[in-house]
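Engineer: Features from Swiss-Prot:
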BINDING   8, 9, 10, 11, 12, 13, 68, 152, 153, 154, 155, 175, 180, 181  substrate binding site
BINDING   38, 67  Mg(2+) binding site
ACT_SITE  67  active site, proton acceptor
């Protein structure tokens with residue numbers, strides 16, 4: 001695919017997707033005047049399909065959507081599909097991180113296990129009855145305080161034992177090789193015809 005609509009307005013996701021999808025030409029939906037789809041699904045996969053179908057129908061082109069978030073099993077899967085608005089509709093990344101750290105304040109290291117989950121949906125056209133779906137998982141733990149300035153979202157509190165740092169302290173080159181989004185996109189590439 002030479003050109004694809006990115007069904008997101010999240011600048012962090014756009015930057016990562018553009019890097020990971022190169023040399024494909026990526027057009028953020030906002031560049032075409034397309035607003036975000038309402039995320040009414042109950043799972044990451046449902047929301048990715050809703051967003052990709054919305055962008056594809058309005059652009060009349062193939063569209064790719066990523067719905068991803070942080071899952072903390074000891075919090076019954078929170079923040080989950082509500083990761084971007086965990087501390088409220090108008091919350092920013094720092095607000096969401098503080099909400100998470102507050103809820104986890106008394107948890108042991110073992111209870112701080114977490115993972116990022118990414119679902120990617122590719123609609124080849126708006127009425128695509130068989131969208132391509134790929135998923136990726138990125139395991140780590142939630143640190144007790146934020147550290148690092150790279151990345152976005154919960155990266156400053158997502159600690160990676162293997163690298164002895166948070167995802168926000170990793171160089172983009174490494175993160176773009178090991179993250180949930182990178183794993184999902186690699187899976188998607190394997191589904192695409194040559």
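Note: Cβ is positioned from N, Cα and C throughout, glycine not excepted.
Quick caveat, the model's predicted, so the values are computed rather than measured.
Relative to the rest of the structure, where do these features sit?
Structural biologist: Taking Cβ-Cβ distances under 8 Å and a sequence separation of 6 or more, the neighbours of residue 68 (substrate binding site) in its chain are 13, 44, 83, 116, 117, 118, 119, 180, 181.
Residue 67 (Mg(2+) binding site) carries a strand DSSP state (E or B).
Neighbour count (other Cβ atoms within 10 Å of the Cβ, all protein chains): 27 for residue 67 (Mg(2+) binding site).
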Engineer: Taking 8, 9, 10, 11, 12, 13, 68, 152, 153, 154, 155, 175, 180, 181 as the record's substrate-binding set, what's the max Cα pairwise distance in Å, rounded to a whole number?
Structural biologist: 21
Engineer: Quick one: give me the count of other CB atoms within 10 A of the CB of residue 12 (substrate binding site).
Structural biologist: 13
Engineer: What Cα-Cα separation, expressed in whole Å, is found between residue 153 (substrate binding site) and residue 67 (Mg(2+) binding site)?
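Structural biologist: Approximately 13 Å lies between the Cα of residue 153 (substrate binding site) and that of residue 67 (Mg(2+) binding site).
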